[in-house]
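Participant: To start, I am sharing the structure in question, which I have written as C-alpha cells.
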C-alpha cells in the first residue's frame with residue numbers, strides 16, 4: 001500500500017478495530033478502486049490462463065482454418081465456373097461443371113460440419129478459461145487477509161468475479177472467434193487476390209495500412225473508456241449490495257428516496273461511460289468502412305480499366321470483386337472484437353490487480369505439524385513471545401508483551417471496548433500476524449502451520465454470527481465438513497440449540513435462506529457455537545460470542561464449556577461478567593496492556609479494576 | 001437457491017420481450033430511425049453488386065473508359081454513404097440504449113427498495129444483483145444488435161431475394177429452397193435454447209450468491225479454515241455452470257451448422273444452373289456475377305440469424321428474470337384489509353403504543369405451522385418504556401418489526417395514540433417510530449450522516465452532538481475526520497460496540513415519540529452500558545418505548561416488563577414483581593429456577 005498516512009489511529013477510544021484507512025485521502029487506491037497492477041500482469045494473466053489449453057486452442061484454430069478454407073473456396077469456384085465450365089459446357093464437356101457442382105457441395109457440407117465442431121471446441125476452451133479464472137479470483141480472495149477484506153469492500157470483490165469475468169466471457173465466446181475469422185479471411189483473401197492478380201492484390205493489401213492505424217487509434221481511446229467503465233459498474237454494485245443487505249434499516253429510516261438519488265447518480269455515471277464506449281465504436285466503424293469502400297472503388301476502377309484494355313480477364317475481375325466485398329466484410333466484426341477485447345482488458349487489469357495482492361497473512365511454504373497431544377488433554381499451550389502489534393499506518397495497538405496460557409486453561413479477557421481484547425484474539429487466531437514477536441502453539445509458531453493444522457489448533461467464534469445459504473445442518477457442519485448427522489445433532493444438543501432447531505419447519509434440513517432472516521440473532525450465535533464445538537479445536541476463542549444470548553442460553557454455553565470443552569485451552573472475551581465465572585484466570589486489559597492477571601477469586605477480592613467491574617455487575621443483577 | 005427459481009413457463013420469447021416496450025418507448029424515435037438507417041445502409045450494400053453488373057455488362061464490355069470512371073464514382077459514393085449510415089446508426093443508439101439499461105437498473109433498485117422485507121428474506125441478494133447487472137447488459141446488447149439486425153437482416157434477405165428473383169426467377173427459387181427447413185430448425189431450437197439459457201442465468205445468480213456470502217462471511221470461513229471447502233463448493237457450482245454453457249453451445253453449434261450448410265448448398269445449385277444457362281446463352285455473365293454476388297452478400301445476414309436468435313432468446317429469459325422481481329407487489333401504500341380505522345377520538349386509554357389481539361405468521365410459512373405471534377395484547381402508556389423479555393426465538397424481534405410495518409400483521413391491530421398504523425402512510429409511521437436494530441448496520445456515509453438519518457432535515461450539529469452523547473458515542477469526534485469520517489462498507493470499520501452506539505444515536509437523534517430498541521446494548525461492556533443507560537433514562541422519560549432485553553441491566557431501563565411466551569404476552573409487571581411471581585421470567589433473568597427444576 002502506497003497510501004501515505006494522513007490519520008492517526010484513534011487509540012484513545014478504540015484502537016481495536018477502527019482501522020486507519022486513510023479514507024479521507026483521495027489518492028488511496030482502495031477508495032478509487034484502482035489497485036496498482038504490476039506492468040505486464042494483465043498479459044501474463046491471460047497467458048497463464050491459456051497456456052494449459054494450448055493444444056485445444058491450436059485444435060480450435062485449425063478447425064477454424066479449415067472451415068474458412070471451405071468457405072473461401074466459393075468465389076474461386078465461381079471464377080472457375082465462369083471462365084472454364086461455361087466454355088467447356090458449350091463444347092459439350094460436362095466434366096468441369098460436374099467438378100464445380102461436387103466441389104461446391106463438399107465445401108458446403110465441410111464448412112457446416114466444421115462450424116459445428118468449431119463452436120463446440122471454442123466454447124469448451126472459453127468455459128475452461130472462465131472456470132479457471134473464476135476459481136483463481138475466488139481462491140485468492142479467500143486467501144487474502146481480513147484487513148484486505150475490510151478495505152476492498154464486498155461489492156467490489158463481487159464485481160470482479162461477476163461483471164469483470166463476464167466481459168472476458170464475451171471476448172472468449174464471440175471475440176476470439178471474430179479475431180481468428182477476421183485475420184484468416186484477411187490472409188486468405190489477400191492471398192487469393194494476389195494469386196488472381198498481383199496488381200489488384202497489392203492495392204488491397206496496401207489498404208491495410210490505414211486500417212491498422214485506425215485500429216491503433218481506436219484501441220488507445222477505448223482502453224481509457226473501458227477502464228473507467230469497469231470502475232463505474234463496480235461502484236453501482238457496491239451501492240446495490242449495501243442497500244439489499246441493509247434493507248431493514250433502509251426501510252425503517254426511510255432511506256428509499258435518498259438511496260434512489262444516490263444510486264441514480266452512480267448509475268448515470270456508468271450510463272455516460274457506457275455511451276462513450278459505444279460512440280468510440282461508432283467512430284471506428286465509420287472510419288474503417290470509409291477506407292474499405294474507397295479501396296473497393298479504386299480496385300474496381302483499375303480492374304475495369306484493365307479489362308477494357310484486355311490486360312485482365314473478365315472472370316478474374318468478377319472473382320476479385322467478389323473477394324473484395326468479403327475482404328472488408330469482417331472489419332465491423334474486427335471492431336466488435338476490439339470492443340470486446342478492450343472491455344475484457346480493462347476487466348482483466350482489475351482482476352490482475354486483485355490477484356497481485358499478496359496475503360499479509362501468508363500460508364507457510366514448508367508447514368510444520370503440531371506435536372502430538374500429550375495424555376488425554378485436548379488443549380494446547382499458547383505463548384505470546386515478545387509480541388507487539390501496530391497497524392501499518394503506525395499507531396501501536398498492543399505494546400510488546402509476553403503471555404503464557406497453559407494447556408487446558410480457560411482465560412477470560414475483560415476490559416473496556418477498545419482495550420485491545422479483540423486484537424489479542426485475532427493474533428491468536430492468526431487473522432493478523434504480530435508486528436514483532438511470535439505467537440506459539442505448543443512451541444510452534446502459528447506462521448509455520450498450514451491452514452487445516454492451524455484450524456485444528458485454534459478456532460474463533462465471533463459476535464457476528466453469519467449464516468450461509470443452505471440448511472441449518474450444513475451451517476453447523478462448517479465446523480467439520482465430514483461430520484455425520486449424529487455428530488452435528490450432538491454438538492447442537494450440547495450447546496442447547498437442538499430444541500429450537502428441531503422446532504423449525506424442516507428441523508436441521510431447514511434452508512436458512514438469505515442470511516437467516518428468520519433465525520434470531522441469539523439462535524444464530526448458538527449455531528455458531530455448535531460449529532465451534534464440532535470443529536473440536538485445541539484452543540477455542542470466543543470473541544463476545546454470547547452477546548445476543550439470553551441468560552439461559554449463556555448458561556447452556558457455559559455448561560458446554562465445562563463439559564464438552566473441558567480440557568481445551570479457551571480464551572473468552574466477554575462484556576458479561578457471568579461468563580467470567582467459569583474462567584480459571586482473568587486478564588484485565590487497558591490501552592493495549594494487561595493490567596491485572598489472576599484467578600477470578602483473587603481479583604474480586606482485590607481492589608483493582610476487575611473488583612470494580614464485578615461490583616457493578618453484581619449491582620445490575622440486583 | 002432453487003426456491004427463487006421460477007419454472008420456465010411456455011411463454012413465447014416475443015411476448016416476453018414486448019414487456020420491454022415501456023422502457024424502450026422514450027427512445028423509440030431514435031431506435032426506429034436507427035433501424036431504418038440500418039436497413040437503408042444494408043440496401044446500399046446490396047446496390048453495389050448491381051453497379052458492378054452494370055459496369056461489367058456495360059462500359060467494360062463496350063471498352064468505354066468514361067463509363068468506367070462513372071461506375072467507379074458511383075461505387076465510391078455508395079461506399080461513403082454506406083459508411084456514414086452505419087456510423088449514424090450507432091451514433092443514434094449509443095446514448096439512448098445505455099439510458100434504457102440505466103433506467104431499468106434504477107427501476108429495479110427502486111422497486112427492490114420498496115418490496116416487503118419478507119421478499120428479501122426469501123431471495124438471495126446475489127440473484128437480485130445478477131438481474132441488475134448481467135441480465136440488463138444482455139438486454140442492452142439485445143436492443144443494440146439482435147433486435148436491429150433481425151430486422152435489418154430480414155429486410156436485407158427479402159430485398160436480396162427480390163433482386164435475385166428479378167434477375168433470374170428460376171435461380172432465385174433455387175436459392176429459396178432451404179428457407180423452410182431452416183425455419184423449422186430455428187423453431188425447435190428456440191424452445192430448447194430458452195430452457196438452457198434460463199438455467200445458465202439462474203446458475204450465474206447462484207454463483208453470485210456464493211461469491212457474496214463467501215465475502216460477507218469471510219471471518220467465519222477463515223476462523224474455521226474452510227476456504228478450501230468453500231472453494232470446492234464454488235468450483236462445483238461453476239462446473240455446473242460450465243456444463244450448462246456447453247449444452248448451450250451444443251444447441252448453438254447445431255443450428256449454426258444447419259444455417260451455414262443449407263444456403264451454401266443452394267448457392268452451389270444456383271451456380272451450376274446459372275453456368276448452364278450462361279453456356280446456353282440464356283443468361284449474361286454479368287447477370288450471373290451480380291446474382292452470385294448478391295447471394296454471397298446475403299451469406300452473413302443468413303448466417304447471423306443463428307446467433308441473433310440465440311441472443312434474443314437469452315434476452316427473453318433475462319427479461320423474464322427481470323420482471324419476475326418487478327412483478328412482485330411492493331408494500332401496499334395503506335394497510336391490507338385493516339382500514340377500518342377506529343373512529344374514536346384518541347381517548348386517554350388508547351394513547352401510547354397499543355397491540356390488540358395481534359397475530360402474525362410469516363406469509364411464506366406453511367399453513368399448518370403455529371403462528372409466531374398468537375394474540376398479543378399489550379398497552380404501553382404514553383411516556384412509558386416497556387421491556388420485552390422472552391426466550392431466544394420467542395418472536396421478540398418479529399414483534400418489534402411489526403411496529404414500523406417491516407412486516408404486515410396477519411390479524412389484529414397496532415395503534416399509535418389510538419391511530420391504526422395501517423391507516424397512516426408508511427413514511428409518516430416510520431418518521432414517528434425510530435428503531436435500533438439488533439444488528440447495527442451503518443451505511444457508506446459519514447458518521448454524522450448515518451446518525452442524522454434518524455431525524456428530519458432540520459436536525460443539525462447540536463442534535464447530532466446530543467444523540468452521540470446519549471449513546472456514549474463521543475468517540476466519533478476522535479475519528480480521523482471527526483463526524484465527517486466515512487464509515488460503512490466503503491469506510492472505516494468500527495467495532496460491534498461502536499456500531500451499536502451509533503445505531504442507538506440514530507434512533508434517538510430525531511426525538512421520536514415512539515422508540516423501538518432491539519437489544520440495544522448487547523455489544524457494550526459493563527461500564528459503557530451503565531453510562532448509556534444513565535443517558536437513555538432521560539430520553540426515555542418522555543418517550544413511549546419498547547425495548548427488547550436479554551439482561552437485567554437492560555430491563556431496568558424500562559418502567560415495566562412484558563414477558564413474551566408461546567406467542568402471547570403472559571405477564572406484565574415491574575422487574576421485581578415478575579422476578580418474584582413468575583418462574584419463567586426468573587429463569588430467563590437469572591438462569592435459575594425452571595431449568596434447575598427440570599433436572
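Even glycines carry a Cβ here, placed using N, Cα and C.
What TrEMBL says about a protein is an automatic prediction, not a curated fact.
Sharing the features that TrEMBL gives for it:
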- A:1-10: compositional bias 'Low complexity' (COMPBIAS)
- A:1-36: region 'Disordered' (REGION)
- A:16-34: compositional bias 'Basic and acidic residues' (COMPBIAS)
- A:57-82: transmembrane segment (TRANSMEM)
- A:58-343: domain 'ABC transmembrane type-1' (DOMAIN)
- A:97-121: transmembrane segment (TRANSMEM)
- A:179-196: transmembrane segment (TRANSMEM)
- A:202-219: transmembrane segment (TRANSMEM)
- A:286-305: transmembrane segment (TRANSMEM)
- A:382-616: domain 'ABC transporter' (DOMAIN)
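Set these features in their place in the structure for me.
Facilitator: Beyond its flanks by at least six residues, the transmembrane segment (A:57-82) meets 50, 96-97, 100, 103-104, 106-108, 110-111, 114-115, 117-118, 121-122, 125, 177, 180-181, 184-185, 188-189, 192, 196, 314-316, 318-319, 322-323, 326 of its own chain at Cβ-Cβ distances under 8 Å.
Residues 56, 59-60, 63-64, 66-67, 70-71, 73-74, 77, 80-81, 85, 88-89, 177 of the same chain, all 6+ positions outside the transmembrane segment (A:97-121), place their C-beta atoms under 8 angstroms from a C-beta of that stretch.
Long-range Cβ contacts of the transmembrane segment (A:179-196) within its own chain (Cβ-Cβ under 8 Å, at least 6 residues beyond either end) map to 61, 64-65, 68-69, 72, 75-76, 79, 202, 204-205, 208, 316, 319-320, 323-324, 326-327, 329-331, 333-334, 337, 341.
If you look at the transmembrane segment (A:202-219), the same-chain residues 6 or more away from its ends with a CB under 8 A from one of its CBs are 186, 189-190, 193-194, 280, 283-284, 287-288, 291-292, 294-295, 298-299, 302, 324, 327, 331, 334-335, 338, 342.
Outside the transmembrane segment (A:286-305) by six or more residues, the chain places 197, 199-200, 203-204, 207, 210-211, 214-215, 218, 312, 317, 320-321, 324-325, 327-328, 331-332, 334-335 with a CB less than 8 A from a CB of the stretch.
Across the domain 'ABC transporter' (A:382-616), the model assigns an average pLDDT of 85.
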